[in-house]
Amino acid sequence: MIAVELRGVRKSFGTQRVLDDIDLSVPAGSVFALLGPNGAGKTTVVNILATLVAPDSGTASVGGYDVRTARDSAKGVLSLTGQSVAVDEVLTGSENLIMVSRLWGLSRRESRLRARALLEQFDLADAARRQVKTYSGGMRRRLDLALSLIRRPEVLFLDEPTTGLDTRSRRSLWAQIRDLRSAGTTIFLTTQYLEEAEQLADRVAVLAGGRIVADGTPAELKSQVGEDVVEIRSADDELLGAVATDGSVDGLHRAITQLAEVAQPDATVSLRSPSLEDVFLSLTGPALQQKEVQS
Amino acid sequence: MTALSPRRRVAVGVSELTFIERSLRRSVRNVDALLMAIMLPVLVMFLFTFVFGGSIDPSGNYVNYVVPGIILLCAGFGASSTAVDVAGDMTTGIIDRFRSLPIPATAVLTGHVVASLLRNLVATGVVVVVALAVGFRPTGGPGDWLAAISVVALYILAITYLFAAIGLASSSPEAASGYGFILLFLPYLSSAFVEVSTLPSWLQPIAQYQPVTPTIEAIRSLLMGTSMGNNAVIAVGWCVLILVIAATWGAWLFRRKAGHR
């Protein structure tokens, strides 16, 4: 079953074309990561799917509901945690949760119970009665996510959910995402952190210049770059250059020859598997690896 | 975790009630703004009765003329703070959360508007009590008072909803408070502080037919026993028209406009 689908979606703001013929489909129950440089249009994709922005053309559906023609049904199965934290600063954490629970149709009593359970689950019980403006960034993010999980959504959109979080908060959010996935929720996330996509995603797509330039499992995308990456680093571990190879002896030989041009006397060479970062840079930037070698 | 999907059907009015509760909590916690909302009308009334009043009406009865005007002027102040509140929602991420929920498009604005109406009615009550203390001597009976309060409430509701929609349309809270200035100016171009017949002749038709004059004249007639004419009908007509336009515009904006940061 397909949980999220985009077909031929285009969107311009004024004269600026942000999305140009986007096709994507995400199977139910999986974690999907949309990668792309700043300004690539990741947030616009999420906003279209979350019914906040209408596409100029093409169709988008969530949980099988078209976001334009069956907007309310689509809203009923999705939750959104946007890029900026969507909480009421003047209210307390508990009041925020009760408010959104009521908006989902829970009774006052059910709302209180649900709020209490979520505060417990997200490690906010001690701060329940404090106004959110006294919360730290990590606490706000946790409350924000809790607000998206009043009832378990079929599809959860997370737009750069870990931006600005410290390592510990990031890890705990990743754990929450994995739990949700095992409970059957489809997760559609955008991120700038390739490690995050590497850790969480079943499938990855790269958005650049308003188009999907790659779409597949992390392993598939990595194999497009090449078999191995040869890196050369200076004595103080600064990256001097990196070249992808096809894994053959000849290929390795060519790579070493190329890298010799930038070598410093005490530089060291190492061989590693390609990372999503290599995929990302080779797709979204001017060929960085070549540039580094030539500079 | 507890699975609470699928979503239940939300009872009619629950979303609105929830947002009214939210806005009231926010009002009560914003003590500075709440004090200002109540103090400002009282200060404005002192200004008009004690500072300007003597030269406008040397007989000393100006307070009896000016109170309905003060009430409407202050309704404008209160309403314009709603535009700022709504524009504030637009600049935090929260409006996008609300917009992604399956709730009526007008519920968020209704919450802001009803809370503002209640704040404004409290301020109006304080103004009337202080006015009575400084010599305001209305002649209306309980029925007249009830009718006058209804007219005031309807006017506040209409103008507040309009300001709420303006808040949604503005690009920032600062812009929202700027747009509000034009509407705050309307009471000065009405029969609020001086009789329309004393204005230059080109200004008289504007003053006579804009919404504020019939509303003030209707309140004056109810409380002070001046002649009603068709002022009540025109006042209610204006308020209902403004309310319908503002609610339609507001719902349209809510569906279309994403938050901006």
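Cβ coordinates are placed from backbone N, Cα and C, and glycine is handled just like the others.
Per TrEMBL, domain 'ABC transmembrane type-2' is recorded for B:32-257.
Under the heading transmembrane segment, TrEMBL lists B:33-56 (among others). Beyond the ends of the transmembrane segment (B:33-56), by six or more residues, the same chain brings 27, 62-63, 66-67, 69-71, 73-74, 77-78, 81, 119-120, 122-124, 126-127, 130-131, 134-135, 193-194 to within a C-beta distance below 8 angstroms of the stretch.
According to TrEMBL, the transmembrane segment annotation covers B:62-84 (among others).
The feature transmembrane segment is assigned by TrEMBL to B:105-133 (among others).
Residues annotated as transmembrane segment in TrEMBL: B:145-169 (among others). For the transmembrane segment (B:145-169), the list of distant contacts is 71-72, 75-76, 78-80, 82-87, 89-90, 109, 112-113, 116-117, 120-121, 124, 138, 176, 179-180, 183, 211, 215, 218-219, 222-223, 232, 235-236, 238-240, 242-243, 245-247, 249-250, 253-254, 257: same-chain residues at least six beyond its ends, Cβ to Cβ under 8 Å.
Among the features that TrEMBL reports, transmembrane segment is placed at B:176-194 (among others).
Positions annotated as transmembrane segment by TrEMBL: B:232-254 (among others). Within its own chain, the transmembrane segment (B:232-254) has Cβ neighbours under 8 Å at 99, 105-106, 108-109, 151, 154-155, 157-159, 161-162, 164-165, 168-169, 211, 214-215, 217-218, 221, counting only residues six or more beyond its boundaries.
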- [ ] Six or more residues out from either end of the transmembrane segment (B:176-194), which same-chain residues have a Cβ under 8 Å from its Cβ atoms?
- [x] 48, 52, 56, 66, 68-70, 72-73, 76-77, 79-80, 83-84, 86-87, 159, 162-163, 166-167, 170, 203, 206-207, 210-213, 216-217
Open item on the list: With Cβ-Cβ distances below 8 Å as the criterion, list the same-chain residues six or more beyond the ends of the transmembrane segment (B:105-133) that contact it, or say none.
Closed with: 15-16, 18-24, 26-27, 34, 37-38, 41-42, 45, 49, 63, 67, 70-71, 74-75, 78-79, 81-82, 85-86, 89, 95, 98, 149, 152-153, 156-157, 160-161, 164-165, 167-168, 247, 250-251, 254-255
